[in-house]
Every structure is written in C-alpha cells, then in structure tokens.
Amino acid sequence: MAEKEQIKLVLVGDGGVGKTTFVQRHLTGEFEPRYIPTLGVSVHPLIFYTNFGKIHFNVWDTAGQEKFGGLRDGYYIQGNCAIIMFDVTSRISYKNVPNWHSDLTRVCENIPIVLCGNKVDVKDRKVKPSQIVFHRRYNLSYYDVSAKSNYNFEKPFVWLTSKLLGNKAVTLVQQPTLKLPETVLDSNLMSLYEKEVADAAALPLPEDNDDL
C-alpha cells in the first residue's frame, strides 16, 4: 500500500449503534465529508499520521440506509477494510453482527475487519466482554470504544493500518484531533473491562455459535 493511496473503509452495523457519532469525532480540518446520493452514503476523510507516513482513510458511513434493509453492493465494492460496530447496551445489535460480516465478506472477501463495541461509557452494559467471541471465530480484531468519550478511538484505525501494511510496528506519531469528550469515563470501570476483554481472549471458544 503506497503512502499516498486513499483507503476505503466500510463502516457497518445496526442503526443507532453510534457509527456516525464515532466517525464525526475526528476533526478533519480542511477535508470535508461528501455525500453520495445514489448510494445514500456519507464519506468521511480521516487522516492519521504514523511512523509509516500519512494514512488517509475514506470512511463510508451508511447515513441511516441500513434502517431500510440491506445495503447495496456498491457500498461495499472496492472496500479495503471495514469496521463492524454494535452497541454494548443492545444485545440485538451484537446478534446481528454475523449478518453484517456475511454481507461484507460476500462482496469484499479477505479484507481486514475490526469489530467495535460502542457505548462502553453507559453503565447499563448488556453485552459483556466474556460474551463477545464472534471476532475470535473469524480472525477479526476487537475493541471496546466510546464515541462520546473518545475512548480507544484510534485503535481500530491503527490495527487496520498495520494489517494493510503487513507490519505490526505501526504507531501514531501524532494523536488525531478529536472533538472534546461529551462524557467522562469511569477509569476503574474501563480497567475492569480491559481485564475482562483480555481474560475472555484466553478462554476456549464455546462450541455453539449462540454467543448471547
């Protein structure tokens, strides 16, 4: 992947899980989102500065189209990587992750994909770290995130960059400029979640596919 190349990142997940809020945390400066009316898509240019140079993601956001059924193939075509997002306070949004993954891989096949559980700032968490195993079945990465607090915002993008470059040594040399947090996280709770995520990764996978 050349440094100047722009990367198409497909962002999918149920309506209301926080996809647009997440992508709009990044203050893109001179780059403005553009709307593609034929697909009902907003494309957000997100720039990250790494030890391998500038990385330019064009993040394709559904702009609510997922509420009207499946997305058109044109949304996925030529996708270089993807984020599947669910809401940790909504079990159904996690149960629907396999459907989004199936749609993605049907069109894009072998692209790097990150699974993100959003809204970990909300106290009433329904989907516990120990229940999140889909990513392990399909060799995806997983991160707890919180769009409203910027928690772990950059991690999915750094992981995707490392996969696209084929180099695990990717790091940010400059933190992205983000909107000010709208909520303050409980640091003790986040530490607990991080431990639970790490502990869950060491457990054997359940034999059935019904994670919840």
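Note: Cβ is positioned from N, Cα and C throughout, glycine not excepted.
Listed in Swiss-Prot:
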- 3-167: domain 'Small GTPase Ran-type' (DOMAIN)
- 14-21, GLY64, 118-121, 146-148: GTP binding site (BINDING)
- 33-41: region 'Switch-I' (REGION)
- 64-80: region 'Switch-II' (REGION)
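In the region 'Switch-I' (33-41), the DSSP tally of helix, strand and coil residues is 0 helix, 4 strand, 5 coil.
Sequence-distant neighbours of ASP121 (GTP binding site) (same chain, 6+ residues apart, CB-CB distance under 8 A): SER146, LYS148, SER149, TYR151, THR183, LEU185. According to DSSP, THR20 (GTP binding site) is assigned to a helical segment. Listed in sequence order, the residues of the same chain lying 6 or more apart from LYS119 (GTP binding site) and placing their CB within less than 8 Å of its CB are VAL17, GLY18, ASP87, VAL88, THR89, SER146, ALA147, LYS148. Most Cβ neighbours within 10 Å, among the binding-site residues GLY18, THR20, ALA147: ALA147 holds that distinction in the structure as shown.
In this view, the densest Cβ surroundings among the binding-site residues ASP14, GLY16 belong to ASP14, judged by other Cβ atoms lying within 10 Å.
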